[in-house]
Each structure stands twice: as structure tokens, then as C-alpha cells.
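These notes concern the structure reproduced below.
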Amino acid sequence: MLEDKAVVVFSGGQDSTTCLFWAKERYRSLHAVIFDYGQRHKEEIQCAVDIANEQGVPYKVFDMGLLNQLTANALTRENISVQAGEAGESPSTFVAGRNHLFLSFAAVYAREMGAKHIITGVCETDFSGYPDCRDVFVKSLNVTLNLAMDEQFVIHTPLMWLNKKETWALADKMGQLEYIRAKTLTCYEGIRGDGCGTCPSCQLRQNGLDLYLREKAGAGQ
């Protein structure tokens with residue numbers, strides 16, 4: 001039986017698009033929230049809008065430009081290069097407070113829409129330097145939001161314990177692997193589909209896809 005309403009935190013990337021399809025199988029009414037936080041590549045926002053339109057999912061684009069004023073990182077500043085974190089430090093692509101703020105604003109929107117369910121694509125496999133992708137953070141924020149608004153929100157994280165190979169497997173199970181591969185934007189250089197192939201995000205995505213396709217081919221023999 002399908003649940004009533006849900007809100008998806010949506011970026012047009014592999015993970016959030018996988019979650020969008022996951023949510024479409026479970027909710028009668030679905031809304032996507034897209035955040036413009038001053039990211040270097042506006043193509044990300046357009047990609048999310050295009051996918052939402054193609055899938056018939058109503059969406060809102062919210063201006064979160066203040067976040068760009070508060071914190072400097074490689075996703076919003078041209079003069080900061082993409083670098084992995086060293087010695088326990090966060091990578092240059094970490095946007096401090098992003099998931100905290102996005103989920104908080106998504107909850108406010110969900111309340112106005114009469115929705116109790118909020119879906120996000122964060123996962124522990126992304127934790128390396130990204131503290132706001134941890135399960136403990138999401139559960140803590142879920143409690144805080146319910147106390148703050150006297151609501152009964154449930155934040156769903158379908159990918160929390162999946163690696164990239166398993167995320168591709170989920171996409172394939174839903175019949176959306178090729179769509180997600182071709183239409184989404186994960187690349188730090190702002191290139192849709194398989195991307196530039198060299199940035200850390202593209203490499204993580206491609207390695208997961210290669211592992212899944214090899215495993216699938218082996219199982220079919």
C-alpha cells in the first residue's frame with residue numbers, strides 16, 4: 001500500500017535520483033526540493049529540474065546563497081581545487097552545514113505540504129570527511145526537527161548502508177540504471193552522464209558501476 005506524501009531532497013545526482021525513483025514506488029504524492037547554494041556549475045540545478053520534469057515530479061528551487069557566503073569550498077569557489085582530505089581533515093568539497101540546512105528547510109516545506117516523510121540520498125560510505133552523511137547525524141536531526149516543529153517527520157535514507165556498487169544494483173532493480181547513468185550529474189566538472197572520468201566523484205561512481213556490471217555479467221554465465 002502506498003504512503004501518502006513525501007519530500008525528496010534532490011540534486012540531480014546519482015544518489016538523489018536513485019532515491020527519487022525509490023520514493024516514486026512508495027508514495028502517492030511526491031515533491032522534490034532543489035537547493036541553489038551558489039554551486040559553481042548551475043548545470044546541476046538544471047539537471048535536477050530536467051529530471052523532475054521528465055518524471056512528472058513537482059519541485060521547488062530554493063535560494064540558499066547565504067550558505068556560500070558562510071563557507072568556502074571547492075563546490076562553490078573557482079579558486080579552490082578539488083582535493084581529498086588529509087590526516088583526518090575534510091576534503092575541499094565538504095560544504096559545512098549543507099545537509100543540516102537542506103534537511104531543515106525540507107522539513108519546513110514538508111510541514112507546509114502536509115508531508116511526514118523526507119527522503120535524502122546521504123550514506124555512510126560517503127562519510128570519509130563528510131560528517132553530515134552519518135546515520136547518527138540524520139537520526140539526531142530527525143529528533144530535533146520533530147521537537148522543533150512538534151511533528152512526526154521520518155527521514156528516510158535508502159542508501160545509508162550501500163556502497164556505489166550496491167546503489168547501481170538498486171537502480172537496476174528498479175529498471176532505472178541506464179536512465180540514471182545517462183541523465184544524472186555527479187561530476188565535479190559539471191558534466192552529465194559519465195562525466196569527466198577523472199574527478200574523485202566520477203571515479204567513485206564509475207568504479208561502482210564497473211564492479212556491479214562485472215558481477216552481473218558473472219552471475220549470468
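Every residue, even glycine, has its Cβ placed from backbone N, Cα and C.
The structure displayed is predicted, hence computed values, not measured ones.
As given in Swiss-Prot:
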BINDING   F10, S11, G12, G13, Q14, D15, S16, T17, T18, C19, L20  ATP binding site
BINDING   C187, C196, C199, C202  Zn(2+) binding site
Inset, instruction - Whole-number Å only: compute the distance from the Cα of C196 (Zn(2+) binding site) to the Cα of G12 (ATP binding site). - result: 16
Legend entry - binding-site residues listed as L20, C187, C196, C199, C202, least Cβ neighbours within 10 Å: C196
Inset, instruction - Select the closest residue to C187 (Zn(2+) binding site) from the following binding-site residues, measuring between CA atoms: G12, T18, L20. - result: G12
Inset, instruction - Report the residues of the chain - excluding C187, C196, C199, C202 - with C-beta within 8 Å of the mean position of the site's C-beta atoms, for the recorded Zn(2+) site, in sequence order. - result: T186, Y188, E189, I191, G195, G197, T198, P200, S201, Q203
Inset, instruction - Write down the Cα-Cα distance for C199 (Zn(2+) binding site) and L20 (ATP binding site), rounded and given in Å. - result: 25
Legend entry - binding-site residues compared (F10, Q14, T18) - highest count of Cβ atoms within 10 Å: F10
Inset, instruction - To the nearest whole angstrom, state the Cα distance for the pair G12 (ATP binding site) and C199 (Zn(2+) binding site). - result: 18
Legend entry - Residues within 8 Å of the F10, S11, G12, G13, Q14, D15, S16, T17, T18, C19, L20 Cβ centre (excluding the ATP site residues themselves): A48, I51, G121, T184
Legend entry - Between C202 (Zn(2+) binding site) and S16 (ATP binding site): CA-CA distance (Å): 15
Inset, instruction - Would you mind reading off the Cα separation of C202 (Zn(2+) binding site) from Q14 (ATP binding site), to the nearest angstrom? - result: 11
